[in-house]
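Trainee: Let me give you the structure first, and then I'll get to my questions.
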Amino acid sequence: MPLAQLAEPWPNMELVQLDTENGQAAPEEGGNPPCKAKSDITWVEKDLVDSTDKGEGVVKEINITHHVKEGSEKADPSQFELLKVLGQGSFGKVFLVRKITPPDSNHLYAMKVLKKATLKVRDRVRTKIERDILADVNHPFVVKLHYAFQTEGKLYLILDFLRGGDLFTRLSKEVMFTEEDVKFYLAELALGLDHLHSLGIIYRDLKPENILLDEEGHIKLTDFGLSKEAIDHEKKAYSFCGTVEYMAPEVVNRQGHSHSADWWSYGVLMFEMLTGSLPFQGKDRKETMTLILKAKLGMPQFLSAEAQSLLRALFKRNPANRLGSGPDGAEEIKRHPFYSTIDWNKLYRREIKPPFKPAVGQPDDTFYFDTEFTSRTPKDSPGIPPSAGAHQLFRGFSFVATGLMEDSKVKPAQPPLHSVVQQLHGKNIQFSDGYVVKEAIGVGSYSVCKRCIHKTTNMEYAVKVIDKSKRDPSEEIEILLRYGQHPNIITLKDVYDDGKYVYLVTELMRGGELLDKILRQKFFSEREASSVLHTICKTVEYLHSQGVVHRDLKPSNILYVDESGNPESIRICDFGFAKQLRAENGLLMTPCYTANFVAPEVLKRQGYDEGCDIWSLGVLLYTMLAGCTPFANGPSDTPEEILTRIGGGKFSVNGGNWDTISDVAKDLVSKMLHVDPHQRLTAKQVLQHPWITQKDSLPQSQLNYQDVQLVKGAMAATYSALNSSKPSPQLKPIESSILAQRRVKKLPSTTL
């Protein structure tokens, strides 16, 4: 089930009272400021503080010492280029920054900047807590502090930049998942919490927006400003902090709490992930706290017995009886039957594949951060550098297009795109601000592809301009963002949306079309053809395993990124017809969800689309081997002739090149071009075929080809026939029907 909608990932936090270093409460300046009424923010309630906790404490000015990344020199603000504002809290901002000095130049970080002048004593304490904890923690599921330093007026924390956004918001908006999927995230979270507890740290602020995703989909715990360092597990903290719905009973009634309070919050998160709602939530914070202290929790019966058992063990109001509070700590959690399928060692080594991969593109993407912040120009920065200035090359896409940009006819603006695209450049940046458009390099029915030059770097790119009134490119963009990091899939560089057109910027594909290059080579062998198909099929198998079908794998959409002709430089392009497997509500589905809950007819349709991809690769393989296309003799063949041959599965593997081609190659071609899509080999089966696995034993004799233009014309005719609209049936008198005529013959003759 999708998760409930959650709070913003960067809420403004009002901390009314926090402990100072000696464990006492610090007095507030200027009386008691009112608490925020919202229940989804972090806060401290002063009127709940017992009189025994109100003694005046010793206030200490916090002086943050420098923390330097291993192998680096002492850092200062001048070493970081401000790129974007990611968020803003009550006493500081968070920026996306790029390191501009060695040894980690060009690396992206998140930088917290805290102004000393605006910090009250409680905030200074909170900052020191975060800095000390982060400096001590080194764990795969906890955010890492790389640098810490200060100037006369500011404090700086340089942290991991996590591009995936927060776990709950991403899952609630994008994907359908199962109890098995939830188990993965909870298991990683348990390891992160266990590590903090082993250092004597009580997290105390475990809530959805503090669990972030990296680009692979693994979790990272962040924001330790409310954590309490204890000498050992016998020590208790008394400050009232955290987010109310996730508070343990002993935190609410201020009896003092230890690390076991985190396991209560862990149970709240587990309940929320599995059900989409919070276990204890009243109409206001007072009622919510009453429910936490007294309410009996009903357990949803759709949860497994193991999940219900773990929740009951975590929701013990007496912390001494709570699972995880004993001397074995998190080992008690890990031994619970709910986690019987988890390999904890593999999980720690990040060897278990996450159920969901966030759609993130280039390293400086900030899709998953609030546009309220990301659209702002970073203060003290000359401006947001156009992202095409990144110091790396970006791959291009296929050449599909029309003269759209010359169309002066005004059309109504289309609805805004997927939120991912809306957030890319904020609100005011236009494509023409960063690029100069040059000549067209391809045309199509709904888009134009042109060469363009980045104004700052003078680097050449290609831009695909899509008319939104003719096609919604959201699916194409999301697929490229999520899977474009694969080495043989085009990488989306930039996206712009002016309301009428969408601009997809990629690198210019300098190597041209795959078939062009192969047919023009003086020498091309069966062994080389095997290497080419292996690279392409491996990429298609990756897409199919992610629930993505391309649906337009004609040879003109497979290109070389450079002139080398190496299989590694092959790119699958143009995902304009590609689809991701989705639930009825439009959300993506994890592999586990697909296997257990998707209707057979949906899977059958997905299998059909995958079969179409394999058929297209079969056509490509046939052409590489035979030097001609399987179903068209030339561009003059009619669609009816071509479709008849395709429908009958009629193609020849005799004569010409076929006389010297191996039998194992003929076997593979026949199985990829099988007329029944459900009987064709899958991409995985193609990769396991002897023609692929034993390529070193294949012949190296030269293959002969027809004229390049003749082959390309025949290929174009093939796909044109497939895409041509089917003629509507002509209505004729019933008497002309063969069935009616047959029935008339069977009628008994009668005489009056």
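Placed from the backbone N, Cα and C atoms, the Cβ positions cover glycine too.
For reference, Swiss-Prot lists these features for the protein:
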{"type": "ACT_SITE", "residues": "Asp205", "note": "active site, proton acceptor"}
{"type": "ACT_SITE", "residues": "Asp552", "note": "active site, proton acceptor"}
{"type": "BINDING", "residues": "86-94, Lys112, 441-449, Lys464", "note": "ATP binding site"}
{"type": "DOMAIN", "residues": "80-339", "note": "domain 'Protein kinase 1'"}
{"type": "DOMAIN", "residues": "340-409", "note": "domain 'AGC-kinase C-terminal'"}
{"type": "DOMAIN", "residues": "435-692", "note": "domain 'Protein kinase 2'"}
{"type": "MOD_RES", "residues": "Ser239", "note": "phosphoserine"}
{"type": "MOD_RES", "residues": "Thr377", "note": "phosphothreonine"}
{"type": "MOD_RES", "residues": "Ser381", "note": "phosphoserine"}
{"type": "MOD_RES", "residues": "Ser398", "note": "phosphoserine"}
{"type": "MOD_RES", "residues": "Thr590", "note": "phosphothreonine"}
{"type": "MOD_RES", "residues": "Ser749", "note": "phosphoserine"}
Trainee: Let me check the 10 A CB neighbour count of Gly92 (ATP binding site). How many other CB atoms are there?
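Mentor: Result for Gly92 (ATP binding site): 21 neighbouring Cβ atoms inside 10 Å.
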Trainee: Near the Cβ of Tyr446 (ATP binding site), how many other Cβ atoms are there if near means within 10 Å?
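Mentor: Around the Cβ of Tyr446 (ATP binding site), 17 other Cβ atoms lie within 10 Å.
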Trainee: How does the model score the domain 'AGC-kinase C-terminal' (340-409) in terms of mean pLDDT?
Mentor: 52
Trainee: What is the one among the binding-site residues Leu86, Val443, Cys449 whose Cβ has the most other Cβ atoms less than or equal to 10 Å away?
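Mentor: Compared across Leu86, Val443, Cys449, the most Cβ atoms within 10 Å surround Cys449.
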Trainee: Check Leu86 (ATP binding site) against DSSP and tell me helix, strand or coil, would you?
Mentor: strand
Trainee: Which of these recorded positions is closest to Asp552 (active site, proton acceptor) if you go by CA atoms: Leu86, Lys112, Cys449, Thr590?
Mentor: Cys449
Trainee: Across all chains shown, how many C-beta atoms besides its own are within 10 angstroms of the C-beta of Thr590 (phosphothreonine)?
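Mentor: Total other Cβ atoms inside 10 Å, all chains included: 20.
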Trainee: For Gly92 (ATP binding site) and Thr590 (phosphothreonine), determine the Cα separation and express it in whole Å.
Mentor: 37
Trainee: Quick one: Cα separation, Val443 (ATP binding site) versus Thr590 (phosphothreonine), in Å?
Mentor: 36
Trainee: With a 10 Å radius around each C-beta, find which of these recorded positions (Lys112, Asp552) has the fewest other C-beta atoms nearby.
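Mentor: Asp552, out of the recorded positions Lys112, Asp552, has the fewest neighbouring Cβ atoms within 10 Å.
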Trainee: Would you mind reading off the Cα separation of Lys112 (ATP binding site) from Thr590 (phosphothreonine), to the nearest angstrom?
Mentor: 34
